[in-house]
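Per Swiss-Prot, the features are as follows:
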- Cys1025: active site, glycyl thioester intermediate (ACT_SITE)
- 730-1057: domain 'HECT' (DOMAIN)
- 1-51: repeat 'RCC1 1' (REPEAT)
- 52-101: repeat 'RCC1 2' (REPEAT)
- 102-154: repeat 'RCC1 3' (REPEAT)
- 156-207: repeat 'RCC1 4' (REPEAT)
- 208-259: repeat 'RCC1 5' (REPEAT)
- 261-311: repeat 'RCC1 6' (REPEAT)
- 313-366: repeat 'RCC1 7' (REPEAT)
Amino acid sequence: MLCWGNASYGQLGLGGIDEEIVLEPRKSDFFVNKKVRDVGCGLRHTVFVLDDGTVYTCGCNDLGQLGHEKSRKKPEQVVALDAQNIVAVSCGEAHTLALNDKGQVYAWGLDSDGQLGLQGSEECIRVPRNIKSLSDIQIVQVACGYYHSLALSKASEVFCWGQNKYGQLGLGIECQKQTSPQLIKSLLGIPFMQVAAGGAHSFVLTLSGAIFGWGRNKFGQLGLNDENDRYVPNLLKSLRSQKIVYICCGEDHTAALTKEGGVFTFGAGGYGQLGHNSTSHEINPRKVFELMGSIVTQIACGRQHTSAFVPSSGRIYSFGLGGNGQLGTGSTSNRKSPFTVKGNWFSYNGQCPQDIGSEDYFCVKRIFSGGDQSFSHYSSPQSCGPPDDFRRSDPSKQIWTVNEALIQKWLSYPSGRFPVEIANEIDGTFSSSGCLNGSFLAVSNDDHYRTGTRFSGVDMNAARLLFHRLIQPDHPQISQQVAASLEKNLIPKLTSSLPDVEALRFYLTLPECPLMSDCNNFTTIAIPFGTALVNLEKAPLKVLENWWSVLEPPLFLKIVELFKEVVVHLLKLYKIGIPPSERRIFNSFLHTALKVLEILHRVNERTGQLIQYDKFYIHEVQELIDIRNDYINWVQQQAYGVDVSHGITELADIPVTICTYPFVFDAQAKTTLLQTDAVLQMQMAIDQAHRQNVSSLFLPVIESVNPCLILVVRRENIVGDAMEVLRKTKNIDYKKPLKVIFVGEDAVDAGGVRKEFFLLIMRELLDPKYGMFRYYEDSRLIWFSDKTFEDSDLFHLIGVICGLAIYNFTIVDLHFPLALYKKLLKRKPSLDDLKELMPDVGRSMQQLLDYPEDDIEETFCLNFTITVENFGATEVKELVLNGADTAVNKQNRQEFVDAYVDYIFNKSVASLFDAFHAGFHKVCGGKVLLLFQPNELQAMVIGNTNYDWKELEKNTEYKGEYWAEHPTIKIFWEVFHELPLEKKKQFLLFLTGSDRIPILGMKSLKLVIQSTGGGESYLPVSHTCFNLLDLPKYTEKETLRCKLIQAIDHNEGFSLI
């Protein structure tokens, strides 16, 4: 051991020497053949811990700080600690803390401000005593200020006690001192790697390099850009991105070491202790310029000096106050910048010459500083081992984190047989949000040091793998312990406000734990976890949403699926029956799960759909609740102003309506909602008509009205007649049920006539003779024609007709692209829509965007124009102002494509589509419609192709002589199921007027087959309006096959009968 500095009280342990000041490193004979584990330096005393766990002290003992009454000039053993294996020590001005290998803390010395944590009344304690209030807590680090103390537990809890004159306890301004350890609750949840204390200021360092400081700040030693004391922990923002891995404090200054080996200092600089070649104080962290060319691996602070070790040269550098020789430079001069400590230093990596004697050179193992003294543990070049590197943490001094080594240790014990200490270790780890927040860090490329509001610093793949490795069926005791710790300790302690982004990580990682997905844990773990998440304050929730938004889609989906499963589980319980006494808690559970999904859905929409929107659909909803009743309840809640935007506690008294969370509804459920809404509006319109009719009996000025919207049309003038009636129709009448009457026909409209009307009028309106729509051969789709001579009223009528069809639950045959439905739902068409409508043009645009070279102008020769046909002639339209003079290049090609798409779908047809849009929404507008996705709305208007032919057979009804087991019916279905897909689709077209099925599926498509007279020579006949098939009584399978195929092959148009 080398030592230098103030020896006036014997604090260097050199024995009875004459000098009171040792100006340069001197060997201590006492430590020959002894290995030192740790050194603590007080103002006038020093404590040494040897590798065998014994403790020796020397120096001033006026206040009992040595823990013994022996010689003060040379190290003497503290016999009271003989039975303990001490692993670390720390010294205040005149008090000492010692930590044993069991995590217990012993204290002695001055106790004027309660800095020993013993809750005693004595001024000083001369023999070490155990701090009993910490005896049940496993402490891994201790740190002493002059009159206060800090401790870090294995569970990432920070305790403080002693003087609080300057706020150095971090407990607020109210208390002056604490005589027993107090938990700093404001830091709960943060994963810490170090605690440090200065004269009257304190620091904690997180695993990802964030620093929190509090206490005295007269000289800027907290680095917070001012000189105001802090009574609660404050984040040192300026160092967050610097990868700080170690921090140490002097009386009024602070030094921080980075992962790259840089050093920052701040605070008091009056003696040059900051190393910036000045005596100025620094209120912000500043890098020590003269050390920037070297990689520093160790730093230490004395009262008013600083030391740094550079392993590449093997040298120790020091700066600051030198009046007591503490710089080791051979003089008492102060140094304002790093200066080499005198000595024959030898680098561990250096080549050892044969002629170097072991007595002549020193290979540094570790440096220590405190008070006005400094020490260096060294070895000879011949026996030199690698020096300590403060950039690498000692696992024994760190908090619990879930890692491969720990899991391997836990799994190494046979199931049900691991010792109590292992159970305590598992319990401690999973009872602490700080420990979980320090687990699964993204260590590759030191990514976790970038933790912030946009990046979590977590390796989610590691979290998934380690959780699945830990939770295994053949180790049920571990799973039970983890579940119990989460349920009873971790989750109940969660709060809505969090001290830092690092305290949020477990909200990201815990859903990866298989226990969360176990339905047995839904009400005890998953839902309480969700409640804590939902109750987060706005700022931390926003950060969590940011983190979710950059997750890999499968990881994001995992969280969504978890809470969908919770919702389904709860709805199943509800269907079975919930006792009235449990209804309130059930409501809160269901609200919680749905609220979490709502937040996730918001994130998904904000990010442009991280996962497909339909991944939020809960398809079981239709089976588990009465959607119609749920919608009615929701409408009533809206009418009475019930607000479901507040916290879960308040929601417990509000019945859950799934309609409040419409993103969980699939297309079928939304269609049911729309139909329910339509029925309600129809009923309201009918009721209003009835009230008006009753009033007209007593008040002749009030005209009677029809409760239905009646359309009387002639087949030969169906468009003109319909337009005439609809032009005169009031908006409120569109909400009435539609009844259609064909002039000269007696049929009562029970739905079939209405269906026929829609089929006929849409066929007529889309006829090329009107020139309203342009037909695209490549895609077989139509779009609004900007060359039409028709009045916009006709487009308005088509919009009304489409709206009426939906409102009256009828499929219509429209060959529009998906872009139409996007625009109806206020979504922007994209290049994909252009590819659908105009495949060749769309492909060309994609080729333009994908072209890798820079010579786009020369290769494509394009400008911001579009060439269109105008009655046989071509016309050039500018897409932007001065488009003809604006060439398309690599920089603006995306703008060109966007402008092209905008012209086709928006600008060129704006007035026509606006008329269509107004007509459509006049009938069918409202909140429910906006719940649909474009492809869902398309499927509802024109049907879809999700065929289930067995379901069609199952739901078919029979009339006359037929029943399901009739021989003709049996061979009919045999023939039908043997038909190829295209023939089956032709059959649908033949029978229903469309080869597509309603969005509600085959179960909603009711076919009727009835027997007819005549022989087997007759063909089957379809009554399209009623989905009715007249089927002769065929007896031979082949005959039936031929006749059926003949009938559907010769079907033209809609085959209406």
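Please read every residue number as a count from 1 along the shown chain.
Glycine is treated like the rest: Cβ placed from N, Cα and C.
Here the repeat 'RCC1 7' (313-366) is broken down by DSSP into helix, strand and coil counts: 0 helix, 18 strand, 36 coil.
Over all protein chains present, the Cβ of Cys1025 (active site, glycyl thioester intermediate) has 22 other Cβ atoms lying within 10 Å. Contacts between the repeat 'RCC1 7' (313-366) and the repeat 'RCC1 3' (102-154): absent, as fewer than 3 C-beta pairs lie under 8 angstroms at sequence separation of six or more.
Here the repeat 'RCC1 6' (261-311) returns a mean pLDDT of 97 for the predicted model. Across the repeat 'RCC1 6' (261-311), DSSP assigns 3 helix, 21 strand, 27 coil. Mapped onto DSSP classes, the repeat 'RCC1 2' (52-101) shows 3 helix, 19 strand, 28 coil. Residue counts for the repeat 'RCC1 4' (156-207) under DSSP (helix as H, G, I; strand as E, B; rest coil) come to 3 helix, 25 strand, 24 coil. Here the repeat 'RCC1 1' (1-51) has, by DSSP, the following mix of helix, strand and coil residues: 3 helix, 24 strand, 24 coil.
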